[in-house]
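Novice: Just passing along the structure, written as structure tokens.
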């Protein structure tokens, strides 16, 4: 919650035991790590903006999780959350990001010329290609904790910065609360419009407060570069197009991001970044690159193959339905993307997707012809 | 009757919450803290002026939005209650839920007893609008739980299927559901079930904690229509009252299943007396007896209910202040309900209709939930009498229509007696 941290003082009047949440039915990263002893140690702390331990974990307390899906169960309210509550967040980050240690350094690489290939994914199979990430603006609290004034300031700054983009990146901002019916329908048809979050994972963290105040969508005139303002993060940046030219998508992604970063810097605002955690975002699962590079690809045969999951795992890829996270695949079309976020650079992750999807298509083609694919089984990356 | 319920601000508080006397020092301490943070270095929270924080209420239609001018917001936005509850927290639900063109919701909640005082600048006009002109500054609310004063109250079972009276009670000294910490919520549970365990005779019963209940117990409670679910209405969830669900929530009921208490749902407690058929008098008698017994039992341990002479019983939502009482029946009115004068008749009788699933539901068949509109400014006895007299009138209308006779719209009854 945004203001006033005298509420945390109130809790200190009760013993740690009396306040400790009941996590006995929980299955998320937070519940695995937050012992009573750790709760006691951290509960009196708060970040300079007043974000507390209970603020961090509320979403994890309210959403016990799922037997099969391990959610994170924590959010950050500001950049300092990751420092002040590192004893809770470091082990969670380590578990979620494949063993990434508190002493590890994260590499950022947004040079698209380092990507090999990726311009020729078979368009008979790959329907669309997309890369997304998030960025947070230094000095402002994150969506779970920001006040209306802060959120509006983030919007104002973002609209000004994006307004300075030129060439094929030149575009327009659509504030959610001012949108006309016609604009809204167009954005829906373009698959650009984001809705007020309905997932209890997000709602419980407070990031949907004051909806739709200071939320909006910016996109370029070509409709290939898109920025969401004040949804789950300050900014979500998306590059996408139909077909299989991931290289072009990634080119535009890097160029656009770099330009945007420059424009923000010109206004005296850097993005939240440090050499340990990379880009700092609201959810610990999006640290590092915050990058998800993916394709919508037709794999009707391969998806029924008994080792499909194993193949994806070895390629460090993840499948989702075409409606995004938590949706089911429709008609054999899957959203295939990188599983990792932290500990690999942007180029490395996109490379994994490009190489991995190429292989999946080869396998699909073999299975179409009734041929075996065991010899194609990849090693664990 | 007020003497039986002497409201003395008890100095005996089990939990070391700062008393109102200490409010000033805590608030000052809080601000000193913020000053230090401001000087602490580069990564410091910006503090925006009230004009930059004022919510956009242009598309809103709730009581809060009608009265929260920029000036009122500016005046109250940096205040906190002794427990740390703020204006922004109080209004969050109203900001997040613009409302409906036809239904005007309240749009704000209290986080603790002191909210109504500290934020009186917005609560008072909201209360006045919601409660038909009741002015907390100048008016006193009558509390009367003497069921012997009720006249009549036994309806024809041919029309009235069931009778029910509900209210809420808050435990003084503990924050309300939108703001309470887990420890406070657990303390509410402990205090209440400790008191309920002392009930005897036809009121003796058992507590079912939501976290511990067995599948079988759960099914039984569902079949009895007693089980409450985690709130899904955004009006409630945006106010923060569903946090930590189902921790410290539960249902208590007597063995006869006619007296029921919900613990830590929308309020600290919701108290319900109900039975099949039309004996509203007996339902209200049990209601009063149960409430008075519970009050006596918590007082033995040094606790009391939140109450004051202007607002009556203090509850989370301003709409439930005063008596917090909704007395109602499920009644079948096949002819009357189709008569175009039905809404006006209800209105003049100060009654409200709902579907039989409760608020926000539609009526099924010809059976309606008919209950009192008012909560504040009239006593429990007065409101229940209003329901009894009103339902009798409705049944008379129904009977007249059955006989092919005409009916009359009654004269409107006055609001504050």
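Placed from the backbone N, Cα and C atoms, the Cβ positions cover glycine too.
For reference, TrEMBL lists these features for the protein:
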type: BINDING; residues: B:162-166, B:225, B:270, B:326-330, B:354-359; note: ATP binding site
type: DOMAIN; residues: B:45-132; note: domain 'Phosphagen kinase N-terminal'
type: DOMAIN; residues: B:159-401; note: domain 'Phosphagen kinase C-terminal'
Novice: Which residues in the same chain, at least 6 apart in sequence, have a Cβ under 8 Å from the Cβ of residue B:162 (ATP binding site)?
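Specialist: For residue B:162 (ATP binding site), the qualifying residues are B:274, B:275, B:276, B:277, B:329, B:330.
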Novice: Taking only same-chain residues 6+ apart in sequence, whose CB is under 8 Å from that of residue B:270 (ATP binding site), what do you get?
Specialist: B:166, B:167, B:168, B:261, B:262
Novice: In this structure, which of the binding-site residues B:328, B:354 has the fewest other Cβ atoms within 10 Å of its Cβ?
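Specialist: Candidates: the binding-site residues B:328, B:354. Fewest Cβ atoms within 10 Å: B:354.
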Novice: Take the domain 'Phosphagen kinase N-terminal' (B:45-132) and count its residues per DSSP category (helix H/G/I, strand E/B, coil), listing them in that order.
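Specialist: Across the domain 'Phosphagen kinase N-terminal' (B:45-132), DSSP assigns the residues as follows: 41 helix, 6 strand, 41 coil.
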Novice: Measuring CB to CB from residue B:165 (ATP binding site), give everything in the same chain under 8 Å that is also at least six residues away in sequence.
Specialist: B:272, B:273, B:274, B:280, B:283, B:284, B:287, B:325, B:326, B:327, B:328, B:384
